[in-house]
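Colleague: Below is the structure I would like to discuss, written out as structure tokens.
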Amino acid sequence: MASVLEDPALQRHFRGHKDATSGSVDKSLMIWNLAPKSRAYRFVGHSDVITALQFSPLENLVASSSKDRTVRLWTPSMKGESTVFKAHSAPVRSVSFSHDALRLVTSSDDRSVKVWSVPRRCYLFSLNQHNNWVRCARFSPDGRLVASCGDDRSVRLWDTNSKLCINVFSCTGPVLSVDFNSSGTCLASSGSDNIVRIWDLRTNRLLQHYQVHSAEVHSFSFHPSDNFLISASSDSTVKILDLLEGRLIYTLHGHKGAVFSVAFSRTGETFASGGADAQVLLWKTNFDRVCYKEMLQDHMRRSTPDPAPHLSDIHPRSPHQHSQGLTTYRGEFKQPTGEFKQPTGVIHSRKSSKLTVFIAFSLKILKPEKTHGDTGRT
């Protein structure tokens, strides 16, 4: 019998990043308008490699972190105005908004996690117990907790009110990424030991353990339903996990080289991946159409239920171009609420001959206007 799942499919691939090396200034942030005959806009401010960025949930700001030890809060307009946040004493590895868009949390090689006020544009407090580089930090959906991870092989859970570490989860290698599911009941991590772990925060116990990649796992994303998780790895693949059945269901082949970034859209109807080949691939989810409640009820009415979903390797049917010698960092795939439309922007940064690709889509189209300061059009 056929699988209850419909296979994911590659919708689009974006190759404009390969041309970013000409006419661009080092350490700059590029906004690419993907509408026909559109131009790319360059935002200059950071003095070193940009390591991460994220759109505000309100869509009115973009936050970026850099090896220059600063965080910048950009207004995504043609003027390219930004506010600089300074408090870290080493490269900043990640930046993320709280779900109410009022705070930022950052992690750094200075072994600290810092929280900032967005409305007041100021530093609030630090969380200090990691004894090595802190790779990633994220707010819980309700903003009461912060999760952080790093090269000390630990995932730490912090209370933002008391500013105390309330729990520590140990891993077998440096941890590169951490995040909460949409309900805030589970916490997941991935790292250099090739493993994706999911903990139940209600019991503080390891809930699931997936060793499906053959190299370090750089990034992952929960589906909005919390039923699926996608992961990106240096083994050049994107894996799709069914969290209800506790198994790998798809392996996606599309990138040539390591995959550093992956994320679902806000609705879960699509997801994107970005890799060392300087490409962003946009995929149609499809497999999330199954209704598990109806499926389980149907199984209960049968003496022999349908077989489990098949394990599939998906290769893109359409050709897509690759390029060599490129480096990619973690990013975000963003889509505002409402019906999904054609994405209109891709943000990335670059340094020298190496390209850093961030996945960050918005339905807002930037319209040309007079530029000021260090912002220009390419």
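Backbone N, Cα and C atoms are what each Cβ position is placed from, and that goes for glycine too.
The model shown is predicted, which means the values in this text are computed figures rather than measured ones.
TrEMBL lists these features:
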REGION    301-325  region 'Disordered'
REPEAT    43-74  repeat 'WD'
REPEAT    85-118  repeat 'WD'
REPEAT    127-168  repeat 'WD'
REPEAT    168-209  repeat 'WD'
REPEAT    210-251  repeat 'WD'
REPEAT    252-284  repeat 'WD'
Colleague: What counts of helix, strand and coil residues does DSSP assign across the repeat 'WD' (210-251)?
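Modeller: The composition, in the requested order, is 0 helix, 24 strand, 18 coil.
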Colleague: Report the DSSP secondary-structure composition of the repeat 'WD' (43-74) as helix, strand and coil residue counts.
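Modeller: The counts are 0 helix, 17 strand, 15 coil.
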Colleague: What average pLDDT does the predicted model assign to the repeat 'WD' (168-209)?
Modeller: 96
